[in-house]
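Q: Below are the features listed in TrEMBL for this protein:
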BINDING   A:28-35, A:145-148, A:Val174, A:182-185  ATP binding site
ACT_SITE  A:His35  active site, proton donor
BINDING   A:Gln59, A:Gln151  (R)-pantoate binding site
BINDING   A:Gln59  beta-alanine binding site
There are 2 protein chains.
Amino acid sequence: MKLIRTVQTIREQIKKARDKKIGFVPTMGYLHDGHLSLVEQAKKENDLVVMSIFVNPLQFGPNEDFERYPRNEQKDAKVAKEKGVDILFMPSVEEMYPEDMSIQMTITNGTDVLCGSSRPGHFDGVATVLTKLFHLIQPTSAYFGLKDAQQFAIVNTLVSEMNFPLSLIGLPTVRETDGLAKSSRNVYLTDDERKEAVALYASLQHAQKLIVDGLNNPATIIMEVKKVIKNRTKARIDYVDILNYPNLQKINVMNGQVIIAIAVQFTHARLIDNIILSANGERVDRLVQGG
Amino acid sequence: MKLIRTVQTIREQIKKARDKKIGFVPTMGYLHDGHLSLVEQAKKENDLVVMSIFVNPLQFGPNEDFERYPRNEQKDAKVAKEKGVDILFMPSVEEMYPEDMSIQMTITNGTDVLCGSSRPGHFDGVATVLTKLFHLIQPTSAYFGLKDAQQFAIVNTLVSEMNFPLSLIGLPTVRETDGLAKSSRNVYLTDDERKEAVALYASLQHAQKLIVDGLNNPATIIMEVKKVIKNRTKARIDYVDILNYPNLQKINVMNGQVIIAIAVQFTHARLIDNIILSANGERVDRLVQGG
């Protein structure tokens, strides 16, 4: 595995791989099985797998956890190598943003709901860093976990509106055996909170069951989900919402493909989770766009 | 020459040319010798030359000449073919902007001077359409005329900040025998105005002479340029300015590479012209960035 830290070197390496199918896994590091499942899939579908690890300051608000976001470069590099990553791109902030930016990207749709409403500018930062990374890596396909389903929806919009020449692959959320979605932020849970956190996925499974059983009023389903979380955790609920997907528009009645998404705040960890359901209530675990 | 009108077909053609050096000449059509000099250079340096003709509504203000901008698709296609263009991409507005955009690009530096100050949003529109075209064409090099020197400076910023994997080549303004810069908008000049318009380039040549002779106060040089234009035309002066280049910052004393740029409004035509001078007052006619 090549570990590359500069824009110039990654450019040179990618130039050499012009004729190869490149699978790209962008991450913020502190790798867990969720990331590694993306690498596995990328390896199956490409000649060369590039992973980036970059904690992108542009997507953190002033009061968010940019400084405190967990990092472990050495372990990440070891794990990436073991998993078969060919090129690991780990640039510094100065390398990615050498001076004040003169170009701003603003996402005006799908950002006023879910995590977007409490994280203004977050998806603008995601769009900017992905634009830069896509230009540097020039992937055939880019791999994302559907745990960040709003992010996947917005990256869809970015790629399709801006005509990026690549495919997007959204893969299922990887979970602990008790159902908790794997996340770099899970390390901030206290022992008690870790046990409570099982309720997040349980509440989503409960919602799916209600939908399969015929309940079609989103407001009622949302209430039921909140009830499960409130009864089983001490976390503060940030949001529980049901939107169509990937448009992320509010709906008054269950109709078409939807996302049920939740975010809760534990003492030191804000956790998110979601499920995407087709019109008949079945789980949608893989999404592909473009190419 | 292949004439292509859809995003899907241009994608397919570009995919086939993966291993080729692609030279790209983006235009708004109504081709003149300025555009064709770009094609000539692109042919020398690449395996495949792609020209786009697209009058981009996003870069016209509500009171500007989008509807009235001169178009002649048939003649353009003939000229492009004769000149050796391999692929001519002429998409419709619907093809480039299928629905309301959710992503906005905003340029925050270098747009409050020269044409930017009287055309708010103009360069945002330029950046957006070029981002899309660069993704569709995936050029090795893109060719621009330095007549639009502010545009070239801002495209430089776009390409370097966003890490686009391509080189930018800025080539000299092509002029009529009497010095008037070739422009699609020259057709809107009355016969008398066409004669007067010679004063634009004459005023820039006068400025260069003053600088070579040792004058180093931009304000005095600007005054001299304005005097030439006022004495020899009935046009309204929009601006005359001297800025460093490509930063486009104001200067108090001549220093380093500068642009002397003018814009004047005739009855039905707003014309621009400029010269770029190195620190010793010599003309800079070719600019290259990145790659």
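Just so you know, glycine gets a Cβ as well, placed from its N, Cα and C.
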Q: Quick check for the class: what is the C-alpha distance, in angstrom and rounded, between A:Gln59 ((R)-pantoate binding site) and A:Met28 (ATP binding site)?
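A: If we compare the Cα positions of A:Gln59 ((R)-pantoate binding site) and A:Met28 (ATP binding site), the gap is 11 Å.
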Q: Below 8 Å Cβ to Cβ and six or more residues apart, same chain only. Which residues does that give for A:Leu31 (ATP binding site)?
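A: Counting only residues 6 or more apart in sequence, the Cβ neighbours of A:Leu31 (ATP binding site) under 8 Å are A:Ile53, A:Lys75, A:Asp76, A:Val79, A:Ala80.
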Q: May I ask for the distance between A:Gln151 ((R)-pantoate binding site) and A:Gly34 (ATP binding site), taken between their Cα atoms and rounded to an integer number of Å?
A: 15
Q: With every protein chain in view, how many other Cβ atoms are within 10 Å of the Cβ of the residue listed as 'active site, proton donor'?
A: 27
Q: Who sits close to A:Val174 (ATP binding site): which same-chain residues at least 6 apart have their Cβ under 8 Å from its Cβ?
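A: Listed in sequence order, they are A:His32, A:Asp33, A:Gly34, A:Ser37, A:Gly145, A:Lys147, A:Ala181, A:Lys182.
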Q: Looking at the binding-site residues A:Met28, A:Leu146, which one has the fewest other Cβ atoms within 10 Å of its own Cβ?
A: A:Met28
Q: Tell me the Cα distance separating A:His35 (active site, proton donor) from A:Ser184 (ATP binding site), rounded to the nearest angstrom.
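A: Cα-Cα, rounded: 10 Å.
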